[in-house]
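Input: a single structure, listed below in structure tokens.
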């Protein structure tokens, strides 16, 4: 019985000390991750502090960038992210242009 209580106590203490991805705070509908500093290949999101707090940034990993709209993502000023920002702006312009071409056109009732 004593060994059972000792084992339970050890597991309860270890559960408090585990530093893994068990309690990672997510942002942007579980697309981004709250971190102190984003990696160069990750995208930094505008107003991420509202979801992650003032001391952390909301970072969108490179493999999940397609799941989040381009116009809400802002990059930090590094050489790699400047190219990404230019690509994102171009993609946004193309998306806006294609959406404006999808506007409904009036049809005359006679024909």
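Note: Cβ is positioned from N, Cα and C throughout, glycine not excepted.
Here Swiss-Prot flags 1-20 as signal peptide, drawing on sequence analysis.
Taken from Swiss-Prot, the feature disulfide bond covers 27-58 (among others).
Per Swiss-Prot, the feature disulfide bond maps to 34-52 (among others). Residue environment of residue 34 (disulfide bond) contains 19 other Cβ atoms, counted within 10 Å of its Cβ in all protein chains. Under DSSP, residue 34 (disulfide bond) is assigned to a strand (E or B) in the three-state scheme.
For residue 59 (disulfide bond), the number of other Cβ atoms no farther than 10 Å from its own Cβ, over all displayed protein chains, is 22. The disulfide bond annotation in Swiss-Prot covers 38-59 (among others) and rests on similarity to another entry.
Taken residue by residue with DSSP, residue 27 (disulfide bond) is part of a strand. Between the candidate disulfide-bonded residues, 27, 38, 52, 58, the densest Cβ environment within 10 Å is the one around 58.
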